[in-house]
Structure formats: structure tokens, C-alpha cells
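Annotated compositional bias 'Polar residues' per TrEMBL: 757-775, in sequence order. Among the features that TrEMBL reports, region 'Disordered' is placed at 756-777. Positions annotated as signal peptide by TrEMBL: 1-24. According to TrEMBL, the transmembrane segment annotation covers 347-370, 391-420, 440-473, 480-505, 517-537, 582-602, 636-656, 663-687, 707-728.
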């Protein structure tokens, strides 16, 4: 059976035979029937034979392929004695067809004619039980049965030819209702932030199911119109048992509707009231572009939908705010609680912070000048170094550190990002202080603690430690400071956590995330903190430090970590051999781990958001992300900083170590992994907290981590191995060799204890070619 002959609305229905029993018909079908009153109509059996319906560009055809039978009864009152009226109707196989031709542009019927009408319904039985006492009533029933059997076939064909065919040729549609005019004191919908948000949300929706595109606009000061455009033909194919239903809706069709607002008044941008009765109602449900079906929707389906949906709209409005009354007038309140977005700290606080950090910087510089005046620093030539050189370096460290503290404090007092619905309503605002508080209130205690520790306390502690160890204590190569500096990258935890939570909250076109000034200030302050840490630990007083300090910067010596033995520079040949062993045992494996972990994380899925709720119509049930896709879904600043600190810096650090030891403080893979684990454990609770109980059914999310993150974990461990070697001056090859020798010695001793008679051998020097000894006490240096 063909569904369509062209591009206008088409339908094909095939129903196979089935039986319905004990079907009670609506009371409205009863009532007065001239000779009596019918009530409680029940069909004991409806035996529907196989039938087909075709509606397309060229024809309407209804065919019954088997006999259909209806057996019903009803209470009948015509006299004082009630009776039961039994009705038995039979419809033999039938064929009714109307041929049509259509206008190719509008799909309206240009010509129509009935081509077949073979229908013969028969009233098999129409009797009263018990038989009525009134002979006139019994005679009328017999006459009705005879009249139906003789005249109904012709009457049906006359209706088809005299009513259906002219109706097909009529292309007029009922006029649309006119929305009421606005009166003084009411709010024009154009000026309402709530209405603007709704319009932006509807406009921002992507094409649904690849078929439906929604647009919305204010039609009049009291009405809003939403158009549903079918952008391509909609082909529906539904199985119905052994039969089917096929529908084709053309791609140029538009379904429109209007929402009318009654007594709409807004006292603030997101707080408005409207009438409790009829405050928000549906009107003018209309269809265009589907030919004569436009009239069916406009005149029949539309009013029916309005009747059914307006009570639902009233219930929805009642959920958005409290019901109140004033002077006997009842109204509903619509109130959306917008999150407060702080873009800058209070003026007094900013001035106080600037004064505090400026005073600290001046005090530190003054102390440096005083110290140098009493104990001048000597250069390599044994002469005092110029004061201006010393003060310039100390001033740079002090001013940069305290200025960075000021930036951190400013950023922590401001919102870093906001989740905006419909480009106008701020659902949630991120700042360090509010995020910690909200995470704690959402039950995310562990995550709140780590964010407060690394993004709050540690940022100031690290900068203060730099000032103390360098300018005051004059110990920039302290292992404590080097370790603190290496942990500074964990301040990026808040950035990566925001990146992951934001991509879990964002719904394209509906809820978008805007990065604000506070976020960029925090990012700049974090990088300044890492830069000044690099300078303090590896550049400050570089030309004036003692020879032993220089050795610490350019050598890797295992003995320094194990014992205080003096070092010995190896001859050139042995040094080359040691360098080769270093590459084979440490450099190449760690670089390979970092490269493999980074490449897999960039290309393979590392995290998947499992979504649920109504919003999945737009987003789908899953949102998988590789690291590259995750970064691309964020603003350029997060994309660039994340790509550098998670991928580029670790690669260069591992390949170029030890000459690239400066980059150890930039490798933030650990911060990213900690953010991923936090998302896995806490995303669901956080999204529910942000959405609130009223909207939690619309959108829910949880995170699922994937195997490539395990490779990134190994990459992170390799990075920390190199960082530890750089801080504590460990000779990793010697440590590994020593570990292997000790393990082998333990195995040999165990074997000798079990089998004492067997000969044993060890890793020892032997000129005869037995296993060579790897000297685990050798010391060697590599010049950076």
C-alpha cells in the first residue's frame, strides 16, 4: 500500500480484524431520541473486520475487506416500564473513494469527485426486552429497522458526494482569535525578563529529532507566539499488530500556537504576577502548509487541545510561585530566584587589600636594604655587590608575590563563571567562596576541602614561602621551597573542576556558561605564582650563589640522597656510559609513559556524562568527551592553559629532563586527575544542588571515567618521579640498580637456603665472562 503520491500530507492505515467487548459509550451519546430516552449505552461486542484507509495527493479511499459487526444494548424509557433496547448492526465489505487533484504549491484540493460508493450497512436487530406494551412503539421500531436497511446506503453516498467533496474544495479557514489589548498598569511582554528568557530558550533549542525547528516571539503586548516548523518531511511508520499506520507530513508545514497573559504585572525583572483564573491560556492552535487538514486543525483539533491543555497550564503556573489575593482578587506569583553575580569586591575591601599587600612589600624591601647594608653580599670576585642590583631582585620577588596575592584575593571575592539560562537568567554563579560553601551544603565535603586547601590557603602560603625563603632567609634552593613550588600547580584544581562541572551543566542553546573577570584574574594569578616560583628557585641570585648551590642546580647525584659522601666526576668514557644508562633506565621509560598517556587521553574518551530528564530530548542520553573535546568545549583561556599544563609541559619536561626541570612546576596532570575523580564522585549531587528540587527532573547528570585516565595516572606518577629526583637530587639509575641488586641478593639467599647444595652465582666482576657486576655505589654527574 503506497503512503504518498506526492509531497502533501499522506496517510495509509491497515487494520486487521479484532474484537472489542463490553465498551461503555460516553453518556453524551444518550438522551432523548423522540420516541423515548436512551441511557447507559454499552457495546457487548464490536467485531471489526480488516479495513484500510488511504489519504494522499490523488485520492481518499476507505475499504472494508471483511464484515464489521456491532452488538450493543441500552436502557430505554418510553413508558413507565423501562426496557432494554438491543441494537445489532452489520457492515459488509465496502468501498468508498474520492479522486482529487491538488495545487502543487499550497496542497489545496483543486478538483474532487466521488469515484466509488459501495456501502450497504444493515440493521440486523432492533428490539426491546421485554417487548413494549405500546403497539405503536413496537411498530415504530420495526419501521426504523426497515427504513435504515433500505435508505442508509444511499444516504451515506449522498453525504460523501454532497458534503465531503465540497468540503475538500473549500480552502477557507476559521479566523484567528484576537488577543486582548493591554491596559494601563500592566507589563508589556516585550519588557519582561521572564518572557525574554522563555523566548531565548525556545529560540536556542536545536532542531529536535532532526525535524522540528522552534521559533518564538511576542505577537502582541499580551500574547506570545510559538511556531513549530517541520523542516523536512516527517515520515511515521508504526506497526499495528499485523497492520500498520504510515503518515507523511510535508516539510513546509508549520504548527503555531499563542500563549495569552492576563493581568500580567512585573515588580522586578524575575518576579511577576498574573490572574489565577485564566492567567496563562493557550489559543489559536493553527496549522499551515498541509492543505485541507489546516481547516481540521484550526476548527476542530485546535479548540479541543485548548480545552485539554489550559487546565494543565494553570497547574504549572501554580507551581512557580504562591497563590495570593488582594481586595478579593486572586493572582499567581511567578518568581525565579536569580543567582547574584559579584563582578568586583567592595571598594573598601579592595583598598584595604591593596594597602595591606603594598605595606608588606615595602616592609620586605626595607628589610632587604637594611640587611644588605649591614652584611653586604659578596660577588665571585670577592667584592660587595651593588645595592641597586640586590634591591632590584628582592623588590621584583616581593612586589610580584604580593601583587599576585592581591590578584588572588580580588578573584576570590568575585564570581569566576555563571550558568545562564536563555542568555538572560543567571541560574548559578561560581566564585571560590560561594563554591566552597555550596559544595559543602551539597554534601561534597571532601571536594570542598581540597578546593579550599589548594585554591584558597595554599595559593597565599606558597607566595609567602617564596618571600620568606628567598628574600628573608636567603635560601632559595631549599628543598622545602622547591617542594612547595612544585605543588603550586594544584591551584589549577578549581579551574579544571569548573571545566568538568561546567561541561556537565551546559545544555547547548539553553544553559550556557559565561567566564567572568574573576576567573581570568585567578588564572593569571596562578601562572604568575608559578613564574615567580620558577624565578625564585632557579634564577634568583644565580650569578652570586656559592659553588655548591650551583652544583645542586646542574647535577644529579644519588649519594646526596643516601649519604654525605664526597662526589667524584667520572672520566669522559664512563660519563657517556652513565648517560646512556640514564637514558635507557629512566629518561626513555618516563618519556614513553608520559607520551602514551597524553596521546591516548587526547584521542580516546576519558569521561562520559550520563544524562537523564526531559533535557535529554536535546542533549541525548550520553555526552562522551576525550581530553581534547573537553578542552574545546571551554573558552580559549581554559583550552590553552589546560592543553599546555596537562599535555605540552609534561611532554617537554619528561623528554628534556634534567635540563627541563623548570617545567616540573607546570605539569598539572595531577590537578586534572583530582578534578576528574571529584566529578565522578560528586557531579550528580552538584547538578541537583544547582538545578534545585523544582528543576531536577528536567536535567540530571553523573560522570563515568574511562581507561585512558589510568594511563594519564601513570604519566602523572612518572612526572612526580622526575620532580622528586630534581628536588632531592636523586640519581635514579643508581637507585634502580641498587634496588635490582638488593632484590636479586634476596632471591639468591632464599634459593640457597632452600637448595644449599646447588651452586650459586652473583652479579660480580669476573674476567671469565660470567655475569657482570653493576656497581651500585658508583656516583656520576650529568651537567645540565
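Quick reminder: no glycine exception, Cβ is built from N, Cα and C everywhere.
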Proximity of the transmembrane segment (440-473) to the transmembrane segment (347-370), 3+ C-beta pairs under 8 angstroms: yes
Closest-packing stretch to the transmembrane segment (517-537), where packing means Cβ pairs under 8 Å, from 347-370, 391-420, 480-505, 636-656, 707-728: 391-420
Most Cβ pairs under 8 Å with the transmembrane segment (636-656), selected from 347-370, 391-420, 707-728: 707-728
Close approaches to the transmembrane segment (480-505) from elsewhere in its chain (Cβ under 8 angstroms; 6 or more beyond its ends): 416-417, 419, 428, 430, 432, 435, 447, 450-451, 454-455, 458-459, 461-462, 465-466, 469-470, 511, 513, 519, 522-523, 526, 529-530, 533-534, 536-537, 607, 609, 623, 625, 630-631, 633-634, 638, 641-642, 645, 664-668, 670-672, 674-676, 678-679, 683, 686-687, 690, 701, 703, 723, 726-727
